[in-house]
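Here is the structure we will look at.
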C-alpha cells in the first residue's frame, strides 16, 4: 500500500475516553523496546512519525494513526518495563484491556516478539489473551537483521514453541533496517480490509 497520508488522530492516556472509530483498526502490542515504533514507521513509510526511543517504556499512551483516511494503526504501550511503577503498570493494563475488549473495529492484534530471544512470560500472557478473546494471532518477529540468515528458521521455531503456537499461526519476520517482511505484513493487513488494496507497496 502506498501510504500518502498519515495523521496522529487520537492519543489516549489512562483517563482518556477511547475513540469510536468507524474504520478498521490494527493494533500493535509487544514488550518495551521490541521495535514497535520502528515497525509502524516502516509500514507507514515514515522515518520518525511514530516516536522511537532507546529508553524502554517511552510509549505511555494508546496512539491512533489514521492512514489514507481508510484504516488505523493503534500503537499500544509496551509492557514488561521494570522501572515503571506497579500502579502505573496496572493502569496501563486496564487501559489496554479496555481498548482491546471494547473496540468494534479491531481486526488484528499484531504481537511483536524479538526474534533473538525466547518469548517472555509477558509475551506468553499476551498471546494467550489474544487467543482467548477470539482474535487470530499474528506474530511479527522483529529485529531480523540482528541474526544470521542461516539462523532464521531456528529462531522462528523457538518463537513458535515458546508461545505454544500452532503450525497455522502466522509468524512474519521483519527488519526495521532493510524493511524485509514489510510486504508480507501489508498483505496480511489487506486481507482484513473491505476492499483489498493492490497498489504497489
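Placed from the backbone N, Cα and C atoms, the Cβ positions cover glycine too.
Residue 36 (GTP binding site) carries a helical DSSP state (H, G or I). As annotated by Swiss-Prot, GTP binding site applies to 30-37, 57-61, 75-78, 142-145, 174-176, with the evidence given as sequence analysis.
Swiss-Prot lists 37, 59 with the feature Mg(2+) binding site.
As annotated by Swiss-Prot, domain 'EngB-type G' applies to 22-195.
Taking only the Cα positions, the spacing between residue 61 (GTP binding site) and residue 37 (Mg(2+) binding site) is 13 angstrom. Counting neighbouring Cβ atoms within 10 Å of each of the binding-site residues (33, 37, 61), the lowest count belongs to 61. Residues within less than 8 Å, Cβ to Cβ, of residue 30 (GTP binding site) and separated from it by at least 6 positions along the same chain comprise 36, 78, 79, 111, 112, 113, 123, 126, 142.
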